[in-house]
């Protein structure tokens, strides 16, 4: 082989070696790129692991965690995560939508609202018709009927109007006194109700007529029970005073909070005046006793609705102050109570007095139980039934009705569950503020009986018993409307505390009371409850 051919073969071999070297260099470069990419991926994964570990230490409700998790969820919908990424533990918070609102626009308990409106239409129609019958009796009836109606108007109407005005005056006096001097008034109301009812009963018995004797005996029997009750609850008075003082503190921030009470009492006085004219006209119509009883029941339901309208208005204003720190408009809250929440007020006014009366009766049976096993079982059975009913219908419900726009039954159940969660059942069961408001109405009714009976016995003695009952009825109802103001404040204090015990507006009054009850150092006699062995 020539030298030229050998040189060409050597150059070809060198060229092949260069290509191989280039190929090796390229392979080395590719390996370096792959290695660099793997390092970057690993760094990204380490950074992501660090962020996840930091997020896991955040509170589930932290806004940073919610935003980052939302972005992670959005990226997950765009790209498919790798198995390594999907295996990472995540604790994404689940945001539950609020089930209640402070500005609910729906009407609660519409059936009850419809029945009350229908009742009012019928009552107004009946009153107008009976007033027409009364005027007709005065104008075109016979002389005997004319003389009868004139005598009734002359000897009955002035006393009734006087009782209405006196009861309104007493209502505002009691309410103002309780708001200004709660420490003195709690003691005074407990014992003055005993003295006034006893005095009214003795006065009626002194007239020595069978009708007045019957009314007098009832008042004396009530006075004896009232005195025993005042002795029994004497150890609860101090706590009641503390609750009154604390619960009435927010009222100083709302100068017009008492306006709904003025409006309701004014409307009650006008309706009472028309109502008494209707009673006179009923004497010239068929079955006067049944008509008068129907008018009395209608008046009682209407007055209870008026009382609960005041309760709802004050409850919403005070509850929003406790729960949200808001200073709401009293007029707007009153409009809401007269519209959206009126159905719940009607339903509660219809059934709540009966439920509370039967519950008191059942507890009385438990206090009087003896060694008779049959009576023991019956007493606990009655109490168990009434406790079950009370869970679905109680006076504490008006706070949540006014605040959240719930129905009466749902609000009663939710409120009692709040009390159970905070272990407040014994505290609200032993509360005597509602009894103080009730006895205030008894005081006013007894004072009206004393004034009207002494007046009537001098001018027309046969009307004494009838006017005494009517005066007590009017005095009680009017005062209860006014006392709905402090009662609503106390209800808001208990219910709002049960909803948020850590609120800075609450002190340690309830918490200290719970501590005394749990430690057994509370010497107050607890209200009878169903023993645990009889509960399901």
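Even glycines carry a Cβ here, placed using N, Cα and C.
TrEMBL annotations: computationally assigned, not manually curated.
Between the stretches 152-174, 244-266, 313-335, 336-358, TrEMBL puts its transmembrane segment entry on 152-174.
The stretches the transmembrane segment (152-174) and the transmembrane segment (463-479) meet in space: the count of Cβ pairs below 8 angstroms, excluding pairs fewer than 6 apart in sequence, reaches at least three.
With a cut-off of 8 Å on Cβ pairs spaced 6 or more residues apart, the transmembrane segment (214-232) and the transmembrane segment (286-303) reach fewer than 3 such pairs and are scored as not touching. Below 8 A, the CB atoms of the transmembrane segment (113-132) and the transmembrane segment (436-457) form no more than two pairs separated by six or more positions in the chain, fewer than 3 in all. Long-range Cβ contacts of the transmembrane segment (463-479) within its own chain (Cβ-Cβ under 8 Å, at least 6 residues beyond either end) map to 155-156, 159-160, 163-164, 166-168, 170-171, 174, 200, 204, 207, 209, 211-212, 214-215, 265, 268-269, 272, 296, 299-300, 303, 440-449, 451-453, 456-457.
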